[in-house]
């Protein structure tokens, strides 16, 4: 709904579309946070923003952070990986893109895997993305640089924990698009968070440089040939930006191309990347790695400099000489000469005064705060041309102070079954996905205390009655006794993901709601509990998510899944006992997907009766304005039913005249209907009703309340929403 904004002194174009965002889908408000909270004139607008954001119709986000997903060029059939996804705004944006061209009741062929290292940030990510009501999302909890590739070996058999013999649709987890919005020093956010300036120092960017390279390289190894990856930071430090991009190109050789996207989003004001910079450490500027004192070379590494040249100490004259290294795209170094010295010492000195990168770093984008009234951001777009080459470290003889020349903990080689690494002593070793996490878990004894960051559960992720999303109480004193933590494969303290195989329950659900056989329900349902007798919630997953889940079972559950799919059904009871033929109701999140396929337990209400249900929550059959609707409601089977808003003035419209985008779940008791939606959803639906039906039919003025008396069969809601 549109809200007419009042004009404030000095405010022009108080709210306007962002000119560079496609289809006018992003709008910018000039009102400060303080104005929105304190100015009574803006109270209604502020309430509108909060309500629509909570429902999921809009997402409040900094404008510049919307840019990276736009350059991914995502299509509905793409598999997308968001490596460092929390708090989830970009993930939500990616989900919107893959769902954009999807018809009502159908699901896209693609999916999004959203990952984050921190458990609490994963919970925030889940809270953000559940507003999308999508079955095409998996949320995982891994170190991004160790994200598992789930490569299926030929001799690998199906996991018994999965409970099915799988006919594999995919044999390894690779992606069409990868978003690599890496952790950074955050100096580009100073406008909105000025306190960062008190804590900021150049060492923050230097300290995270190697991790950024590792995360980006892992993302590239998980990317399909022909795919696109976007690397981004909210920093302006070239050590975190252009230096990382140059090192990526250096490692990947000709298999990766830095894409020129200057013609895309032409109205977005951006500046080209830089090709020369200095590195600051401990109050000193360095123009070359050669200038770095030996005792600091474990911290300041060659890849931080434009040329990426590595120098070692010559045993003949105790001077630093350059190691020859083959660099693609006109890079420096000569592999045939090994150690290279310039014939002209003066030319070498002049060159070292200011190193310049040979890579086309001007194709990167720098978004400056003062150019378009935004935050600062750095973005680089890559296209994968061919598989990555095998990369080896320099021989041990070419070391300085007994340390490898390039100070990266491991050299990453493309392998989607984990990370193939070469250790400093030259010995090969193989790390499975999230190796550091796995080692900690495998080394735990049965009686050992579980660390807080490994105590993660998802059974309550979508429940408001949970103390915190994904949190399981592990203190026996507080929990009232000893609790046995569930496991998900090798991940302790995480609820399992199990395919729901109770055919009797699935058949009863399909029969009760008359779900059309064309809807792929069987084989697409999962739960977070191994005991089917105590299952409270059943989740629905798309075909793409199902394929990934089956692959994960087949490779020994390498993925640590914190959330998956769309909550579709919830176990339901009432005060009069579980008298309903079906013990599961349709959840509000799953209703939009299932609605076109429901043929039973569904009624079409006139606007006035629909409005009364939203206002009064419980109405007796005899009190409905449309007597025919009340009669039909009384003839429904006890239990959950669906009420759809009809465009006509009565409930006798056929299905082609029904606005199926407005529907609610209700509970049919002995003598009344009770609404099963949250107060927030009711408020938002009433606003939509007012907008669509007009003041005459959708007026929200409180008219005479029907005499609903005491509702019979009042529900005991399992999720604490109502």
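Glycine residues also receive a Cβ, built from the backbone N, Cα and C atoms like all the rest.
Owing to the predicted nature of the structure, the values given are computational and were not obtained by experimental measurement.
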With TrEMBL as the source, which of 663-692, 693-722 is set down as region 'Disordered'?
693-722
According to TrEMBL, which stretch among 460-484, 485-509, 510-534 corresponds to the feature region 'Disordered'?
460-484
In the same chain, which residues outside the set 84, 85, 86, 87, 88, 89, 90, 116, 181 have their CB within 8 A of the centroid of the CB atoms that define the S-adenosyl-L-methionine site?
82, 91, 114, 121, 125
May I ask for the distance between residue 86 (S-adenosyl-L-methionine binding site) and residue 234 (active site, nucleophile), taken between their Cα atoms and rounded to an integer number of Å?
14
Cα-proximity to residue 234 (active site, nucleophile), 10 Å cut-off, over binding-site residues 84, 88, 90, 181:
181
State the count of C-beta atoms found within 10 angstroms of the C-beta of residue 86 (S-adenosyl-L-methionine binding site), not counting that atom itself.
22
Along the domain 'SAM-dependent MTase RsmB/NOP-type' (1-385), what average pLDDT does this model show?
84
What is the total of other Cβ atoms whose distance to the Cβ of residue 88 (S-adenosyl-L-methionine binding site) is within 10 Å?
26
